[in-house]
Each structure stands twice: as C-alpha cells, then as structure tokens.
C-alpha cells in the first residue's frame with residue numbers, strides 16, 4: 001500500500017516535470033535572446049519589460065495576440081492529430097492557403113445568406129479545401145509509399161504559388177491595382193465577441209475545436225485506433241484495425257484543420273484572399289505542437305505563447321528598437337531547445353512507463 | 001503541484017511589479033512611426049523611406065520609431081500597437097495596406113495616419129503619393145536615347161498590376177517616344193532578396209543584345225549594376241542617384257528624393273498642414289525626377305539632354321497622362 | 001532561340017544549379033544514413049554569410065571558404081547532437097536552425113553595416129572562372145561546360161566521389177545499411193551514432209559550401225535571406241534525383257534549367273505568368289513521386305531515431 005502511493009506520487013511529479021520542461025526550454029531561449037538584444041546595445045530587461053507592459057497594458061493590442069492564436073492553434077492541432085496517427089503532415093502552410101481559397105470563394109460568391117448559414121458553410125468549404133490538399137499527399141503515401149514529410153512540403157510550395165497566381169489572374173477585381181480578391185460578404189465575417197478588438201468567433205471556435213480534437217484522440221474509439229496506428233503500425237494491423245481507413249481519417253482531419261486556419265484568417269482578420277496570407281503559421285504551429293508534446297489541451301497554452309511572442313516581437317521593435325532578426329533568432333533558439341528538451345521528457349516518461357510495467 | 005503554483009505566483013508578482021515600475025513621461029515631442037513592408041536593409045524604395053525618416057529625426061524635434069518587414073497579416077497589429085503607444089503620426093510605407101489603415105484609423109480618430117502611395121483616403125488618413133510613372137517614363141526615354149542595339153532591359157522585382165499599368169507602360173512609352181525602333185524587354189526577378197537570380201537575369205539580357213538596363217529591384221540593383229559595369233553597357237539608377245556606385249556606368253538615375261513622401265508627411269504634420277485626402281506629387285513638385293551623371297554628360301548624343309528635358313516639360317505641364325499613355329500603347333498594339 | 005542563346009541559357013542553368021547540387025548532396029548523405037536534414041536552408045545561409053565575412057576580413061577566398069565550412073560543420077554537429085544523441089524531432093530541429101540562422105546572419109550583417117565594415121560600395125573578391133585550355137575554345141560546348149569556376153568543377157567531382165563512396169567503400173555501404181536498418185547495422189558491429197554524426201557534419205559542410213558559392217562566385221556581397229528558399233528546393237532535388245548522387249546531379253541541372261528558363265523566357269519576350277514557371281520544380285517533383293521517373297524509394301529508416309539498448 002505504502003509503496004503504491006509513493007509510486008503514484010512519483011508519477012504525478014514526473015508528469016508535472018514533463019509538462020514544465022519545454023517551458024523551461026522556452027525561458028532559457030528567452031534568456032539567450034536577451035544576450036543577443038544586449039549585443040545590439042539594448043537593455044534586455046527594458047525590452048522584455050516593454051513587451052509585457054505594452055501588450056498587457058492595452059486591450060486592443062492584447063487582442064491582436066488572438067489574430068495569430070487562431071490560425072496557429074489550427075495548424076498546431078493539424079500537426080498533432082496527424083502525428084498521433086503516424087502521419088507526418090508538415091504541409092500546414094499549403095493546406096492553409098488552399099483552405100483560405102475555398103473558404104474565400106464561398107465567402108465572396110455566395111451572397112444573401114444569413115450569417116448562421118454562411119459562416120458554417122464557408123468553414124466547411126475551408127475544411128474541405130485543406131483536407132483535399134492533404135489528401136493528395138496521403139494518396140501519394142498510401143498508394144506509392146512516397147515519404148509524406150517531403151511531399152507535404154513540396155505541395156506547400158506549389159499551393160502558395162498557385163494561390164498567388166489565382167488571386168492575381170482570376171480573383172483580382174478588374175479595376176484594382178492590388179493583387180487581392182474582393183471582400184467576402186458581411187454575412188461571412190466572424191462576429192466580434194468584444195467590440196473593437198480582435199476577439200471574435202474564431203477564438204471560441206479554435207478553443208472548442210481543440211477540446212473536440214482532444215476528446216476525439218483520447219476519449220473516442222476512433223481516436224484510440226488512430227493512436228494505435230501511430231504508436232505501432234504492425235500491432236495495430238494485428239489487432240484488426242483498418243490501417244488505410246484510420247490513416248485516411250487522420251489525413252482528412254489534419255488537412256481540414258489546416259484549411260480552417262486559412263479560412264479563419266480570411267473570415268476573422270483579412271476579409272479577403274491575399275497572396276501573403278500567412279507569415280509562416282504552418283511551421284510555427286509545428287513548433288507549438290511539439291512543445292505541447294502533441295496534446296491538444298497543451299497546444300492551447302503553447303500556441304498562446306507563440307502568438308504572444310509574435311506580437312511581442314513587434315512591440316519590442318516599436319518600443320525599444322530591437323532589430324527584427326533578433327526575434328527570428330529567438331524563435332529559432334526556442335525550437336532548437338524545445339526539440340532538445342524532448343530528450344529529458346522522453347527519459348522521464350520512459351521511466352514512468354517502466355515503473356508501471 | 002506546489003512547485004507549479006509557486007512558479008506561477010512568482011511570475012504574476014514579477015509581472016505586476018513590471019507594470020508598476022513603468023512610468024509615463026509628461027511633456028513629449030511629436031511621436032512619429034513608420035511601418036515598412038520590407039526589411040530596412042532592402043535598398044532602394046524601402047531605404048529611401050527609411051532615410052527620409054532619419055533625416056526628419058535630425059531636422060525636427062521628434063521621437064521616432066519604425067517597424068520593418070510587416071506582412072499584410074500583421075499590418076493592423078502594427079498600426080494598433082503604435083496607436084496604443086500614443087504616436088501622433090503613423091506612416092505606412094506601402095500602398096497595398098491602405099484599406100487596413102483606413103479601418104484602424106476609424107478606431108483612432110484623434111491620430112493622424114499617412115500612407116505612402118494609395119488610392120483611397122479618409123478624414124485622418126492622408127495619402128502621399130508619387131505618380132508611379134513620371135520618372136519611369138523619363139528613364140525609358142534615356143534608355144531609348146542611349147541604346148545602339150535598340151534593345152533595352154527593364155527589371156522589376158515582382159509581377160503586379162501596378163508594375164504593368166504604371167511602371168512598364170510609362171517606361172515603354174518614354175523609350176518609344178525618343179526612339180520608335182526600340183524594343184523593351186521587361187522582366188520580373190520574382191524576389192526582393194535573390195541577388196543571384198537578378199545578376200543572372202541581367203547577364204541574360206546583355207547576352208540578348210540589351211545595352212541599357214533600368215533595374216527597380218531594391219537590393220538586387222547593385223548586382224545588376226555590377227553586370228552592367230563588367231559588360232560595359234549603360235545602367236539607369238533607380239530611387240537614388242546611383243552614379244556614385246558605378247561612376248562610369250550609370251548614365252542617369254530616376255530619383256525619388258527622400259525629402260518628399262515620408263519626410264514631407266512629417267514636415268506637413270509639424271506645420272499643421274497634413275490633411276486627410278490624396279496628394280499626388282510628381283516632377284513639378286520635385287518628388288521625382290531624372291538626374292544625369294555629370295561626369296558622363298559628354299557621352300550623351302547630340303541634343304540628347306534637350307530631348308529628355310522637352311519630354312520632362314510636357315509631363316510637368318500635364319500634356320501627358322498615364323491614361324493617355326496606356327491608350328496610345330494599346331492603339332499601337334504594344335503590350336505592357 | 002538561336003544557338004548562342006541556347007548556350008548561354010545552358011551555362012546559366014549550370015551556374016544556378018551548383019548551389020542546389022551542393023546542398024542536395026549534403027542532404028543526400030544525411031538522408032542516406034536515415035536522418036532528415038530540414039536545416040539545409042539555414043546551413044546554406046550561414047555558409048553564404050561566413051564566406052562573405054571571411055573574405056571581407058582577410059581578403060583571402062580560401063579563408064572565406066574555410067570559415068563557411070566551419071560554420072556548416074558546427075550546424076551539422078548541432079543537428080546530429082539533437083537528433084542522434086537526444087533523439088529529438090528531426091523536422092523541428094531543422095526549422096529551428098533555419099529561423100535561428102536567418103535571424104543571426106541578418107543581425108550580424110546589420111552590425112557589420114552599422115560598424116562601417118560593410119559600406120554601400122563594398123565588394124569582395126570572388127572565384128573567377130577557369131577557362132579550361134583547348135576545351136573552352138570549343139564552339140557551343142566550350143561556353144556551356146568549360147568556363148566555370150573552381151567550385152563548379154569541384155561539385156561534379158564530388159558527385160563522382162560520393163557515388164564511389166556509397167557503393168564501393170565499406171564505410172559507404174555501412175552508411176547505407178544504417179539508413180536502411182540501424183538495428184541490423186548495429187548488430188553487425190557498425191557504430192550507428194558515429195556514422196550519423198559524421199554524415200551530419202559533412203552534410204553541413206556541403207550545404208554551407210553551396211551557400212558560399214552564392215557570395216563567393218555569383219555575387220560579391222551578402223544580403224539578408226540571400227538563399228531565398230534554395231535549401232528547400234534542394235529537398236525536391238534529392239527526391240527528383242531518386243536518392244542517388246548521379247540522380248541528384250541530373251535533378252539539380254533540371255531545376256537549375258528551370259530557374260534559368262524563368263529568366264531566359266522573359267528575356268526572349270515570351271509572356272507567361274511567372275508563377276506558372278516557378279511552380280515547375282514542385283510539379284516535377286510530385287510527378288517524380290507519382291512515378292514518372294520510375295519508383296522513388298528513400299532509405300527505410302529515414303526519420304526514425306535509433307536508440308541503442
């Protein structure tokens with residue numbers, strides 16, 4: 001009895017540790033970033049101080065965190081779902097653009113619908129667009145065994161160029177000099193939850209979907225099958241799980257989530273399709289997912305940090321003149337350290353499982 | 001669990017202290033901010049805006065700040081950031097961002113916004129533009145004047161509607177005006193950063209018999225200049241007077257002096273004359289022009305300078321408009 | 001298109017393909033040992049920057065090349081440590097390296113500019129073309145093949161060397177075995193970790209050389225983000241080249257020709273949307289994956305960390 005309770009306590013401590021480790025890595029990265037800021041001749045304390053103060057000191061600026069948060073969380077969830085199912089989808093960026101295209105088309109060309117129909121319809125279109133682009137990669141993998149990490153990246157580049165082309169040559173209004181589509185119908189705008197801020201329906205949607213993804217992965221039979229495939233393909237096959245069906249489910253959900261990232265930018269921030277829609281949400285989302293160890297609930301927290309840092313990079317530039325490249329370098333250090341810190345987490349969790357056995 | 005709580009406690013405490021210690025200054029000079037879509041090291045267009053800001057900082061008692069490489073997805077955030085931080089004048093150095101600027105300007109009616117180039121405006125959004133074509137037209141004329149092979153090259157960084165309907169149309173018109181035989185080869189590098197591709201493109205143009213190149217590609221211009229220097233052909237500088245970079249190669253430059261646009265908007269703000277609305281400044285306001293390289297003036301053909309100046313005068317007097325140019329080119333069946 | 005234009009397009013294609021070839025060969029070696037290298041872009045960029053910096057400070061091209069190589073090797077070492085020793089995510093570490101180096105080189109380049117070491121008119125020395133006696137005077141072929149710089153000829157030599165190494169040497173076969181099944185290789189007495197470490201360092205060195213090619217031969221100045229996605233394109237080169245050294249050479253030539261075509265067609269006055277031509281390499285790669293060039297098969301253990309029991 002005594003022994004058992006110690007073990008449970010130990011397990012609980014370990015779990016806390018595993019959660020904290022990536023955040024430790026995050027803060028060490030901020031510290032290393034401080035060294036760079038110092039090299040630029042700026043007081044790092046002042047810079048970080050300014051970042052926190054300016055963002056938390058102003059509701060409107062704070063709400064800008066959510067313009068990044070929403071697409072980032074969809075990208076991170078997209079990676080996490082696929083990862084859990086053993087499919088390395090790293091083409092979030094391209095799927096995002098494709099979802100933005102299909103969502104925007106429904107937003108622009110279907111007019112006169114009430115918002116409660118138009119919004120879900122546009123979201124559905126975005127989901128389908130993203131899912132379709134990911135499905136191509138999936139087919140290449142399933143039918144031809146082509147490595148998905150590489151083909152999702154190739155498809156990403158293709159998608160970005162394709163959307164750029166479509167906007168400039170087909171969606172641009174004839175009398176406009178700017179390469180962008182027309183605005184979507186008002187009925188497809190995400191309604192604002194707090195007026196005069198960027199906190200709109202997208203935020204609630206993102207949080208809701210994060211929870212749904214969590215329930216799907218960890219509380220549903222289908223999710224169990226998906227995870228079984230991801231953990232051990234042969235064992236899953238042996239247990240009679242339909243591998244193709246499971247993998248396809250994951251591919252569709254993952255691509256669809258990325259598509260929603262694009263649609264949410266169109267419906268929540270830009271209200272139109274533009275060629276430079278995403279400043280790299282795809283890759284950042286992957287970073288956030290890895291930092292949360294692909295747990296959808298953890299992803300809520302880590303994407304918030306990444307989104308915060310994005311707004312923070314701008315704030316530090318505006319307020320204290322921290323050169324932009326330093327913010328990129330800090331982001332890179334975060335990714336490197338978070339990846340490296342996986343080792344510690346893995347070691348502890350290996351002990352954890354070892355303890356159970 | 002205890003550790004976790006302690007950790008967050010310390011964090012929140014540190015946070016509250018941070019906010020508490022931050023103090024407000026009382027009397028402040030005018031606060032001016034500029035938002036750039038490219039990194040400030042991207043030479044040419046962005047650099048000229050940056051130089052304008054720096055010059056204003058020297059000349060006036062103002063506090064400045066800038067944010068660079070701001071993408072379309074981040075523009076509203078940058079605008080709101082500056083607005084929240086109490087800036088009096090926020091300048092956006094990109095015409096594509098006019099609509100988000102107007103949107104944010106509605107939220108902050110007490111702050112003045114200015115967009116460099118643009119086509120719409122609002123009560124507190126001033127649009128300060130160059131013409132996008134006058135200097136280009138003269139650059140084309142110089143190219144037409146100097147070419148012996150009757151082939152001239154025009155390099156643009158990215159394909160866009162503006163590139164076709166303003167820059168390219170004006171350049172072709174200018175070139176044909178002086179030299180009806182001339183063939184203009186217009187090319188897009190497809191990048192702001194890729195100096196290697198720019199250089200190869202320039203080399204290919206030279207190989208094709210082009211003997212004057214006008215490049216409007218930011219940092220890539222220098223690589224192009226080098227090719228022109230090595231192959232002994234003429235180059236036309238863009239944005240700034242580039243003759244100091246290659247004194248024996250740059251025959252003339254289509255300049256956009258930094259005193260206008262960004263600097264001008266700040267100056268008008270200080271004088272209290274910056275208003276909402278659209279102001280287009282061209283050659284007659286001194287906001288753009290063509291300058292010849294003084295040390296190469298003897299290389300110009302006879303009456304060459306006069307011909308260019310004649311065209312310049314016609315533009316100043318308003319006898320030529322961009323709409324006419326497009327119409328005329330279409331009539332002549334010239335694609336632009 | 002006349003012969004002379006054709007020749008200059010081919011020569012341009014070769015010049016554009018060599019940086020890709022270096023990076024792709026670097027990627028290939030590490031891929032073959034079973035580890036992804038998504039940090040090629042960052043490794044190229046550090047090579048471009050350090051190569052420039054080395055020459056700027058010492059005026060010696062060789063020292064410039066050496067500093068580039070050292071930078072690449074260090075990044076390779078970092079990649080190996082995180083992926084091989086720590087078993088970290090091979091994709092995210094690559095992304096991290098790319099972001100980190102993009103920021104770092106941008107930052108230090110600005111420091112150089114601010115300190116006055118780099119000015120508006122700064123240009124550094126560069127590897128000039130070597131005209132191979134007799135051959136370079138051949139009509140048509142001379143211009144295409146025999147008027148390139150030292151690093152170009154070296155790249156072709158490396159293809160031959162790496163091909164020989166992979167299929168004819170014990171270490172090479174060991175490396176391939178590690179990529180196919182590290183467990184089997186390990187039980188056969190091959191040191192999996194060591195091989196992957198060495199492969200990663202060589203990978204970094206080659207990618208950095210590809211980057212240095214940009215600043216030391218093509219342009220004589222560094223600018224932020226000068227690699228502009230070449231490291232990612234190199235991944236496409238590896239697949240299109242079917243994971244073989246000769247294939248990689250062929251694929252980089254095809255992609256280089258594609259990049260050159262984008263430029264050459266415009267010069268010839270052919271009006272097609274530039275985006276369409278830019279899509280070409282990726283369409284080709286996907287065509288390759290679909291099986292147009294025959295079955296493409298990567299190393300079986302690609303992306304799978306190896307943990308020694």
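Using N, Cα and C of the backbone, Cβ positions are placed for all residues, glycine too.
Quantities reported herein were computed from a predicted structural model and do not represent experimental measurements.
Residues or ranges marked as transmembrane segment in TrEMBL: C:6-31 (among others). Residues 37, 40, 43-44, 72, 79, 140, 143-145, 147-148, 151-152, 155, 158-159, 162, 175, 179, 196, 199-200, 202-207, 209-211, 213-214, 218, 227, 230-231, 233-235, 237-238, 241, 243, 245, 248-249, 251-253, 255-257, 259-261, 263-264, 298-299, 302 of the same chain sit 6 or more residues outside the transmembrane segment (C:6-31) yet have a Cβ under 8 Å from a Cβ within it.
If you look at the transmembrane segment (C:38-56), the same-chain residues 6 or more away from its ends with a CB under 8 A from one of its CBs are 19, 23, 26-27, 63-72, 75-76, 79, 90-91, 93-102, 104-105, 108-109, 112, 117-118, 122, 124-125, 203-204, 207-212, 214-216, 221-222, 225-227, 229-232, 234-235. Per TrEMBL, transmembrane segment is recorded for C:38-56 (among others).
Residues or ranges marked as transmembrane segment in TrEMBL: C:62-84 (among others).
Taken from TrEMBL, the feature transmembrane segment applies to C:91-112 (among others).
Residues or ranges marked as transmembrane segment in TrEMBL: C:124-141 (among others). Sequence-distant contacts of the transmembrane segment (C:124-141), counting only residues of its own chain at least 6 positions beyond either end whose CB sits under 8 Å from a CB of the stretch, comprise 3, 6-7, 52, 55-56, 59, 61, 64, 147-151, 153, 215-218, 220-221.
TrEMBL lists C:150-167 (among others) with the feature transmembrane segment.
TrEMBL lists C:194-219 (among others) with the feature transmembrane segment. Outside the transmembrane segment (C:194-219) by six or more residues, the chain places 15, 18-23, 25-27, 29-30, 32-35, 37, 40, 43-52, 55, 61, 64-65, 68-69, 71-77, 79-80, 83-84, 124, 126-127, 149, 151-152, 158, 171, 174-175, 178, 226-227, 230-231, 234, 306 with a CB less than 8 A from a CB of the stretch.
Marked as transmembrane segment by TrEMBL: C:231-255 (among others). Through the fold, the transmembrane segment (C:231-255) approaches residues 13-14, 17-18, 20-21, 23-28, 31-32, 38-45, 98, 156, 159-160, 162-163, 166, 207, 210, 281-282, 284-285, 288-289, 293-294, 296-299 of its own chain, all at least 6 residues removed from its boundaries and within a Cβ separation under 8 Å.
Residues annotated as transmembrane segment in TrEMBL: C:275-294 (among others). Tertiary proximity for the transmembrane segment (C:275-294) is limited to same-chain residues at least six positions away from its ends with a CB under 8 Å from its CB atoms, namely 233, 236, 239-240, 242, 254-255, 258-259, 261-262, 265.
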